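Working notes for the structure below.
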Amino acid sequence: MAIRWEICGNKSGHWAFWDNNYTIATQTPDLTQCFQNTVLAWVPCGALWLSAPFYSYVLLGKDRICKSWWHMSRLSTWKMFLATLLLLLALLDLFKTVSDNAGGLQAPTALLITPFIRAITMALAIFFIYQEFTKGFITSGVMFIFWLLTVVTAIVPLRSYILHIKDDVEFMDTFREVTFYVGFSLSVIQFVLVQFVDLEAQGLTSNEELPEERQPLLSSTKSTDSIKSHQLVKEYPCPQLTSSFFSRLTFWWFSRTMIITGWKKTLVSSDLWDLRPADRSLKIINDFQQAWKEELGKAKKKLESSYKYVTNGYNVRQSVGTYDIPPSMPSPNMSEVKDDDKKLNPSLIWALCRSCGSCYIIAGIAIFLFCITQVAKPLLLQLLLDFIQFETQFEWQGYMIAVIMFANSMLSSILIQNHFYNAYLFGQRLRSAVTAAVYRKALKLTSTSRKTATVGEIVNLMSVDAQKLQDAPNLFHYLWSSSLLIIVVTAMLWQILGVAALAGLVIMSFIAPFNTGYVGSKIKGLQTIQMKEKDERIKLTSEILNGIKVLKMYAWEPSFSSKILSIREKELKVLQTAAFLNACTTITFFIAPYLVSLCCFAVYVLSDPKNVLDAQKAFVSIALVNILTDQMSALPQAVSFMVQALVSLKRITKFLMLEEQGPGYVQRDDHAREAVQVTNGYFSWERDQSPTLKRINLKVAPGSLIAVVGQVGSGKSSLMSALLGEMYKTDGTVNVKGKLAYVAQQAWIQNLTLRDNILFGKDMNVKLYQRIINACALGPDLKILTGGDMTEIGEKGLNLSGGQKQRVSLARAVYQDLDIYLFDDPLSAVDAHVGKHIFEQVVGPTGILHDKTRILVTHSISFLKDVDKIVVLKDGHISEMDTYDNLLKQYGAFADFIKTYLTENQEEIESMSETDPESAAELRLLRQRVNVLSGEESTDMTESDASVIRRQRRKHRKNSRKSDTSDRERLQKKHSTKVEQLIEEEQAEKGSVKLSVIKYYVNAGGNVITAVGMTALLLFTAAQVGTNFWLSEWSGDTLVNGTQDLGLRDMRLGVYGALGVGQCLSIFVLAICVAFGSVSASRILHKNLLNNTVKNPMSFFDTTPMGRIINRFSKEMDIIDVNIPQYVQLWLIGLSPFMATLVVIIYSTPIFLTVVLPLGIIFVAVQRLFTSTARQLKRIDSIKRSPIYSHFSETLTGVSSIRAYRQSERFIEKSDKLLDESQSAWYAILVAYRWISMYLNIVGSFVELFAAVFAVMSRGTISAGLAGLSVSYSQRIMLAMILMVRAAGELETYVVSVERIREYSQTPNEAPWRKKGKNPPKGWPHNGVVKFNDYSTRYRPGLDLVVKGITADVNPDEKIGIVGRTGAGKSSLTLALFRIIEAAGGSICIDGLDIADMGLHDVRPKITIIPQDPVIFSGTMRMNLDPSDEYSDDQIWQSLEHAHLKSYISGQNNGLDFECGEEGSNLSVGQRQLVCLARALLRKTKILVLDEATAAVDLETDDLIQNTIRTSFKDCTVLTIAHRLNTIMDYDRVMVLDAGKLKEYDSPSNLLKNKRGIFFGMSKDAGLI
């Protein structure tokens, strides 16, 4: 049959458009000259012209990089030259045709049209080549496809010319033959040239980096002109930026870089590339914030149109989600009209898609084309089986089908891998956007919002939820593509099996709703519950780790561990239910193809005796059903991922919608008269709460020093927060003139060097720096620290004392050199003499800040006389405000406060008269003035008293102004000193995952379960192979009169069904084993991790960042809970068909053995290359995540200081840098998985090619059934190989989480909690006698001794004060008493028993401590006092009463069930300390330790604690570390420590007699003598 076309003429049969006899029904096939000169010639031209509009738009929209054509690179010049030659050749062909026509030869019109089309196409190509170079494009996808099509379509004409197949010799002359050969050669050269990148287009050489990606059409990444080069210092640019289009398409660029490097050596962090500009967090978050703002605007407009409200005369604005919402939103000053359900509801997913989604469009296009290749596979298989079954066809047709199957398989591989690459890239950008947005949001939250979202919950948003969004997009396109394929494949089944295909539809109609409807909704609900339980667990774990020292001292580890395990059990029950649901889903996935085929075949053969199941029907149907299997597997999984992502999106949206700190709370007018002015201010911590501060009217003149005093809970710290804008301003105005510095009551220290903590981002000024070091009394500390000011400070200042932390915080504020300083009682944490020094050198009238505006909250009356004005707060309002003298004269609340203080310390004042007449005279003077004002005493003062006071003050000022020049010289010498590192950088494990790690996980899952699961796997494989061999035999049964023997048919059908039942049962058992085993492993691994963590010594927590530990409990455990079970199952299910495929192909075509060895070698090589690289990349990725969470936790702790100093941008920049470093590791992992999948697909494509070729070669000796079995299995081997190797690689990388958890589950522990046979007697200690026998200790091996050879006895019921300057060893001695640090020499005996011989929990519960920093856990007050439930409610109330907290707690609605906020956020510092006192009263042990317990509280709370201790613990031995020496002046004896040694030990009165003693000097500095 010949089809003619007018433009080709009618000269001969070769010029027909199509001729079956010429092309198909011949032993030497060829395409007609008409087809070659039209369709083949026009295909590449048409492709280029179709892309021209869009590509021209892209090119012309770019800025020029090269301004003129004469600067073109050699590569571009050659491309232009060759394209010009091709243009000339086309014109020559055109002129030849015109000439022939003019000469009367009448050439076909096609020979006139085609050269013209080629000529204008080459002109277009020249335009593109020129534009690509001038616009900086280094490679071109459009030109690659054009030249590829040009070469491929020219191969057929080339063959024709070579074989000299030509009928119309007059039109196939030598001229056209020569021009074709020249044109073909030039096209091949062009195709070779397009494989190279033109770096000169960017003005670079091959060794230079590309500043930004310039990729034309079909690029996976857009240009990033907006990215600034300062965001990330580029050291190792991503090679993908300088690779060709084909290299990007096949991921070959990864082979020549990371794969080879990973094979040659163990990869480390420095081997990672920098992120591409388009993938960096700064670019992504800028785009997201713009899109999010627009979404908020849309939601606001929608809400405004439907929200009715009535205002009460106030114009209230609140800030929500980085958008200013007008009064149409609910507020405390509005009356809503029954519209509570109307809320601002912006679309987060749309904002994310708009900012990150360009690459996801490419992914969608790729998967659509992939669907076409999938549909082509069964059609090609049908053609191949027809060829084998009917021997009338020519042999070349079989080989052609095999080649087309191979090409289709290769194209399918390229498409699906590029789909996944772009989908995962989209997910990576989602994670960057979410993480960066959450971090920025956390810096802006109000106090109410911070209570709503705890640290643990926010960390989960950044770790778990952001990760789920990163993982989910790779399956989202399957929601529509799978549905499309299912419809198309079902239609094809109808064409083969007719009405029997409906049986399959019936089965799927039950399975699909079960998986997507019932199971999907259940999993969604379980996901929400599990995340809630996980948040609660991480929150409690985080609090326990933050308060681990106190936990150990109280021996509360078992109680809190049981609470965590209780929450974990709830979480595991949810996980187990989800595992069972997933198991059911898995079973239905793998049963469904069999059930569909069984039902279809049964209905088909039973419905009509003439319906015979031959090889073509059976195996093409099986191929179609296999496609259904894949899509039915993907669709529910996509639904599951979508459900998880929606849950995470909802959580993230809720967080992003939390209220932010309003920009108008504090106005900043630099032209104002007053430095600080508050007018009629009303402030509250929560929007709906009654004001904490009321009627605040405050004016602070520039350069003045204001003191703020008041009782506990009077609102002093709240006033500081109000000035910072941290509280809700419900009324009034606040104006600040200039920049603020803030020193918090509890110092915030970063995990940096001491120097960096002080510099806080500013440049080093050695002279100023040294002056501040001396003024803040840090000089002696620098001598003590091993690395001086370059010593790394642990998280939360772990290796600094409370006083040192506060002085570092103070030095940081001073170094910033700002206008206004807010001091929230920083001097309470330092010794009295140090506080006096700091006041005079820093804060006071003669200090560094004398010309700055200073507002000082203080509890020390000694500083008040030197301030310009005193503000007295009472019950949240300013009761008095005046100068020191005027306030005393008024005899108001201030004078009453002073009188109370002096009265309570009257005995101490009298005792000073003998030892320190000067200080006693000054205090008597103050008391006389107060008494006169109250009418009790005259105001006479002796001249001697006055002169003594004047001499003392002059002497003190003289001494305090001495400079420490030696410290300055030492500091300058150490300016470049190496950092003394406390916390080591986390190291990744190297090499293969040890077998012991896998065994550790398997043992945790259960050996019996493992054995049963492997047996089920073998049975599943056997049943699967048997089922398909049986089908092959069935399809080859001999027919009788066109029908099959009914008995044989029924037997075939019955056995086929029985073998299928075997598959179902075995896969069911396998899925259940995986579900049970994974939950068991999760339970045991978490329990081991928790139990070992709480048993770690304090040195572990001192040297390990908290974020690193939390990462084990959150991200690593999440991998073990979710990812590992998933990939264990996938690996097992992938291994089975892989082995089955090899057996089937080799049995069907034994000749296949000849290629098994080379293909096997390639397979193993690719797998090993991948595993060695991916394993280490996964480890690097794990350690790159921890710093993000550590930095985030650190940021949340110091958010008030960060905002006060306006340092948010610097912290955001650091967070972005850490995120980019983490994402660079993830990007390498992403490409590694695409690389292995691509090249395993290539190996699989060759397997399919050889299986098809060998089947063609064996035609006549192999049945169609065996051929169909062999080829259909070969088509599945790619999936099996990828599934197995990918799952194995994933498992090996995910097992790193097991490795990391096992690492922290096997760290060295502190001493045992109990020692068998070493239990102390019941009721021990009876007397409370403590003996130090030549005792020495250090914090950890390798460090210097902190306590050196102390020998001392403490008698029963004796009250001992422990004093000494910073670093003397005071706190170390108490830590040794609790065995927080162990003895390096000597011993400590209590009532004659060496505590080192006992278990820790035999010692620690027998000693009670009231720590310096009160630790409160989120939970009820009852739980905070008695987590072990050992005491009755009456006992707890009694302890609260003695601790002066009963009235406060009983006044709360829930009583003992009053919920304490995270870290006690809803209690004042004084109240938190009273809670610690209540704990001590409840335990009431024989020995009490006070570790500077009253250092951070006001005088009133201090007096309450001291009085309670004197009365309630009068029959106890008390050891007190004291900053305020007046608190231990009435003690029996005082230990004076210096540099870890006991220097003095006697009663206070005896020690004061030694005027050269250390204690005398300290007392003198404190103003007590």
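Including glycine, each Cβ sits where the backbone N, Cα and C put it.
Remember, TrEMBL labels are computer predictions, not curated facts.
Under the heading compositional bias 'Basic residues', TrEMBL lists 950-960. TrEMBL lists 961-970 with the feature compositional bias 'Basic and acidic residues'. Residues or ranges marked as region 'Disordered' by TrEMBL: 936-978. Residues or ranges marked as transmembrane segment in TrEMBL: 39-60, 80-98, 110-130, 137-158, 178-197, 348-376, 396-416, 578-606, 1000-1023, 1055-1079, 1127-1145, 1151-1170.
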Feature contact check the transmembrane segment (1127-1145) with the transmembrane segment (1000-1023), CB under 8 Å, 3 or more pairs: yes
Chain residues outside the transmembrane segment (396-416) and at least six past its termini with a C-beta under 8 angstroms from it: 24, 27, 29, 249-250, 366-367, 369-370, 373-374, 376-377, 380-381, 383-384, 387-388, 1237-1238, 1241-1242, 1244-1246, 1248-1249, 1252-1253, 1255-1256, 1259, 1275, 1278
Which of 39-60, 80-98, 137-158, 178-197, 1127-1145 contacts the transmembrane segment (1055-1079) most, counting Cβ pairs under 8 Å: 1127-1145
Same-chain residues near the transmembrane segment (137-158), Cβ under 8 Å, at least 6 residues beyond its ends: 30-31, 36, 40-41, 43-44, 47-48, 51, 55, 59, 125, 128-129, 180, 183-184, 187-188, 190-191, 194-195, 197-199, 201-202, 210, 214-219, 242-246, 248-249
Tertiary contacts of the transmembrane segment (578-606), as residues 6+ beyond its ends and Cβ separation under 8 Å: 493, 497-504, 506-508, 511, 514-515, 519, 522-523, 526-527, 530, 612-613, 617-618, 621-622, 625-626, 628-629, 632-633, 636, 640, 1027, 1044, 1049, 1053, 1056-1057, 1060, 1063-1064, 1067-1068, 1071-1072, 1074-1076, 1078-1079, 1125-1126, 1129, 1133
Intrachain residues whose Cβ lies under 8 Å of the transmembrane segment (39-60), provided they are six or more past its termini: 31, 114, 117-118, 121, 124-125, 128, 131-132, 135, 137, 142, 145-147, 149-150, 153-154, 156-157, 216-217
